[in-house]
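Each remark here refers to the structure printed beneath this line.
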């Protein structure tokens, strides 16, 4: 009996600590600061820009009997409200538009991944790095 009471007390204390902090144990989907590499085919430089992207956890479920039932749609942390900013890459030859746009997350949500606007995961062919020499400093429009 004493062992059961001790176990119950330990469980209540551990849950109380999580409730008292009022912070989720895992960060939910929200905008975070990130650095992106920006380059364009035909331009000889790469620039890094600071922006906000969506990151964090979204609740998901998996079926126990996957062979019998169709899979449940999985949600990801994605943009709710987004604006695009543009920069001008220096040194682009004539005939190449030097303007490149990148997303700035204003708010995020958990929802289906849209390949048209998001990286939906999976293996990458190459890391997200610059192919051209990196230039410091930004030329915002």
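Using N, Cα and C of the backbone, Cβ positions are placed for all residues, glycine too.
According to Swiss-Prot, the protein carries these features:
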- 1-20: signal peptide (SIGNAL)
- 29-77: disulfide bond (DISULFID)
- 33: N-linked glycosylation site (CARBOHYD)
- 43-92: disulfide bond (DISULFID)
- 46-130: disulfide bond (DISULFID)
- 50: N-linked glycosylation site (CARBOHYD)
- 54-108: disulfide bond (DISULFID)
- 58-110: disulfide bond (DISULFID)
- 113-120: disulfide bond (DISULFID)
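Between the CA atoms of residue 58 (disulfide bond) and residue 113 (disulfide bond) there is a gap of 12 Å. With residue 130 (disulfide bond) as the anchor, the candidate recorded positions are 29, 33, 43, 77, and the one with the nearest CA is 43. Using residue 33 (N-linked glycosylation site) as the reference Cα, a 10 A cut-off selects 50, 54 from the recorded positions 46, 50, 54, 77, 92, 108.
Within 10 Å of the Cα of residue 77 (disulfide bond), the following recorded positions from the list 43, 50, 92, 108, 110, 113 place their own Cα: 108, 110, 113. Using a 10 Å Cα-Cα cut-off from residue 108 (disulfide bond), the recorded positions that qualify among 29, 43, 46, 50, 92 are 29.
Taking Cα separation as the measure, residue 110 (disulfide bond) is nearest to 54 of the recorded positions 43, 46, 50, 54, 92. Checked against residue 29 (disulfide bond), the disulfide-bonded residues 43, 46, 54 differ in C-alpha distance, with 54 being the nearest.
A separation of roughly 20 Å, to the nearest angstrom, links the Cα atoms of residue 50 (N-linked glycosylation site) and residue 43 (disulfide bond).
Separation of the C-alpha atoms of residue 113 (disulfide bond) and residue 54 (disulfide bond): 12 Å, rounded to the nearest whole number. Secondary structure at residue 58 (disulfide bond), as computed by DSSP, is coil. Listed in sequence order, 40, 42, 43, 44, 98 are the same-chain residues at least 6 apart in sequence whose CB falls under 8 Å from the CB of residue 92 (disulfide bond). The number of other CB atoms found within 10 A of the CB of residue 113 (disulfide bond), across every protein chain shown, is 16.
Comparing residue 54 (disulfide bond) with residue 46 (disulfide bond), their Cα atoms are 23 Å apart once rounded.
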